[in-house]
C-alpha cells in the first residue's frame, strides 16, 4: 500500500488539524512539515508555540462544540490530531462516524483519555490491569467519604487536568477540605469531579512510549516500544526525565504487556505515553496519553526518531524506528515570573558542553511554574546526563524585557 502526500498550500495538500498548540505540538508540527504536510494549528490563545511554525493558525474555544465543528468544516482536514484534553469530543466522534476525517489515534481514545475516570475504568474494570485503589467524588461530602475509604495518605487529582494542576497529597482528614478547594481551581474544565487514589509503595515511575504503526509490507498495525523513560516530578509536574531507566527484565516485560493491552483497547495509530509505577518486578498502570508525552522530550537527544517524529510517521502510515542511540536526560526551564515579553540569556553558557541542547518554546506569557523550555544532554550514564541537563537548564536566565 503506497503512502502519498501532496504539496502544502495547493489542491493536492494533505492537511492535518492540530487541536492544542503547545510545546509538544510544536515539535509534532515541525516533524509533519518535514514530510510535506500542510498543518493547521488551533488553541485557546494567540501565538501559541505550534502556531508559530504551522501554515495556518486559529484561536478558539475548542471545548465549544459549535466553534470546533465550524473550524473542522472550514478546513476539511485529512487528520485531526488532539494535543490537549479540553476538547468537545462529541464533535470528534461525529466527525469520525461520518468519515469526515481521521481522528488520531481514534475518537474513542480521545474521549476516554480526556478525563481520568474514563481511562481508569477502562484499565482497571474492563481490562483488569493492576492500579492503585481509587474512588471518584463529585461533591465535598462524597470527597470526604472517598478519602476516608481510601485512607491516608492519598492522592487527589481533578479528573480533567494535566501537568500537576489541582493535584495534591492528602496526609490526614484535616487536609481534605483544602485539597477539594485546590482541585476545583486546578482542573481544565470546572466540572468538580476528582479521583482519590491510594498511595502505592513504588521504587520509581516510568513513561513507556508505545507506538502503534503500520507494517510497511503487510499494512497491519504493530506495536513497538521505546526504552523506558524515568522521570522526577514536583507537585505532579515533570521536572526532569532520562532514558533509559534501569529495571528488571520481568518488570519491563510486564510494563510492555500492560502498555500493549491498553493501547490496543484504545485503537488507532500514533504514539501513546503510558505511565507506570515500578517496584521490583511489580508494575502498576497509572495513566495513558494518546499523544507525545512531556517526559518524552528526552527522546530529542536519545533516539534516531524522537517521539514527535514517531508520532508524525505513525499517523501518516509510515515506518517507524524506536531505536535509542544515546543515554540522555532532559531538565525543564521555568519562567520563574508572572510576565510576558520574556528574554532568555546566558544561552552560550547553557550550550557550552557539546552534548547539550536547548528547546525554547516561544510561549507569549510566563508564569512562575510555566514550562518555557527544556535542556537536553547526552552522556555515558543517566546520572551524568541528568547533571549536564540540569546544569544547562540552570544556566538559562529568564529576563522580563521592556515593553517599550
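Even glycines carry a Cβ here, placed using N, Cα and C.
These come from Swiss-Prot:
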type	residues	note
BINDING	23, 24, 83, 294, 363, 370, 371	N(1)-(5-phospho-beta-D-ribosyl)glycinamide binding site
BINDING	116, 157, 162, 163, 164, 165, 166, 167, 197, 198, 199, 200, 205	ATP binding site
BINDING	275, 287	Mg(2+) binding site
DOMAIN	121-316	domain 'ATP-grasp'
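Within the model, the domain 'ATP-grasp' (121-316) carries an average pLDDT of 94. Here the CA atom of residue 275 (Mg(2+) binding site) lies 15 Å from the CA atom of residue 197 (ATP binding site). Burial estimate for the binding-site residues (83, 197, 275, 287): highest at 83, by number of other CB atoms within 10 Å. Rounded to a whole value, the Cα-Cα separation of residue 199 (ATP binding site) and residue 363 (N(1)-(5-phospho-beta-D-ribosyl)glycinamide binding site) is 35 Å. Note: residue 370 (N(1)-(5-phospho-beta-D-ribosyl)glycinamide binding site) has non-local neighbours 334, 335, 363, i.e. same-chain residues 6+ apart with C-beta under 8 A of its own C-beta. Reduced to three states, the DSSP call for residue 166 (ATP binding site) is coil. Note on the binding-site residues 23, 205, 294: the fewest other CB atoms within 10 A surround the CB of 205. Considering only the binding-site residues 23, 24, 83, 275, 294, 371, the residues lying within 10 A of residue 205 (ATP binding site) on a C-alpha to C-alpha basis are 275. A straight line from the CA of residue 23 (N(1)-(5-phospho-beta-D-ribosyl)glycinamide binding site) to the CA of residue 275 (Mg(2+) binding site) spans 20 Å. For residue 116 (ATP binding site), the spatially nearest entry among the binding-site residues 24, 83, 275, 294, 371 is 275, judged by CA separation. Residue 24 (N(1)-(5-phospho-beta-D-ribosyl)glycinamide binding site) falls within a helical segment according to DSSP. Considering only the binding-site residues 166, 275, 287, the residue whose Cα is spatially closest to the Cα of residue 371 (N(1)-(5-phospho-beta-D-ribosyl)glycinamide binding site) is 166. Looking at residue 287 (Mg(2+) binding site) and residue 294 (N(1)-(5-phospho-beta-D-ribosyl)glycinamide binding site), their Cα atoms lie 13 Å from each other.
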